[in-house]
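> Mind having a look at this structure? Questions to follow.
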């Protein structure tokens, strides 16, 4: 039984920060983070990035010291990730904003549209429906955040939440301003277009929720081990036969239906940006699945069946 010695250097200056003696060979990176935290309390484990190479990737918590390409005297590099915030809190902040911002425009506050009579008249019925759908979407997201989602990563840098909130909150204000504007023009094809969009919206929301439940069940025992998601008896999960990230497919479908319902250009632009971003995420996740699982279904695409 041979103990390891672990030297931790600053990733930029290469200055030695600490030297851990008699570290057990089966110690995990998480345990090393905790040892480092005892010496430097201000750098709690979530804000530590421990690397084998200064410019390399961060080591995962579950990686074991003796399985790393190091000798009995191991040199690791530390990078401060900055203040962190839990993912649950991140989503709660991101999704609560659009919910309440939208109401400021829906109720036509005087400081938004003015006091003119035509600016306080009753809105078209589709405006009420759009508010219900928009609110339902973000309430559903909040419920999923608290009761469904299980995060593989515990935190994200605090500085990033500002950018995320500007994105979600800013677009919510932009969409709401035009949809609830007194001069808003309802959809060209009237009730047929609206009814079709509402049905499509509800189906996509149900599908998105179903996929999130399946993904949550993969980690129900608290394990961080990756598993291949598979369809269940729920028909909404059968999209797993064709794509790796059906939650993104349904999410894009939700916003496409909202675009059809409102026939509003800002909503369409937001939907396009959502599609681009989610396609990037889906492709990254799809590549990760292919890299980690040799038996991963070869016929699956990233986000759009048979195409993308």
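Placement of Cβ uses the backbone N, Cα and C atoms for every residue, glycine included.
Automated prediction, rather than curation, is the source of TrEMBL annotations.
Features from TrEMBL:
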DOMAIN    5-80  domain 'TECR-like N-terminal'
TRANSMEM  85-107  transmembrane segment
DOMAIN    155-308  domain '3-oxo-5-alpha-steroid 4-dehydrogenase C-terminal'
TRANSMEM  166-184  transmembrane segment
TRANSMEM  196-215  transmembrane segment
TRANSMEM  235-250  transmembrane segment
TRANSMEM  256-276  transmembrane segment
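Quick one: where do these features end up spatially?
Residue counts of the domain 'TECR-like N-terminal' (5-80) by helix, strand and coil are 17 helix, 29 strand, 30 coil (DSSP-based).
For the transmembrane segment (85-107), the residues of the chain that approach it from at least six positions outside its boundaries are 127, 131, 134-135, 138-139, 141-142, 145-146, 149, 151, 153-158, 161, 164-165, 168-169, 171-173, 175-177, 179-180, judged by C-beta separation under 8 angstroms.
A Cβ distance under 8 Å defines the sequence-distant neighbours of the transmembrane segment (235-250), meaning residues of its chain 6+ beyond its ends; these are 204-208, 210-212, 214-215, 229, 278-279, 281-282, 285-286, 289, 297, 299-306.
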> Please report, as numbers and ranges, the same-chain residues at least 6 past the borders of the transmembrane segment (166-184) whose CB is under 8 Å from any CB of it.
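Here the qualifying positions are 94-95, 97-98, 101-102, 104-106, 108, 112-113, 116, 118-121, 123-124, 127, 130-131, 134, 262, 264-267, 270.
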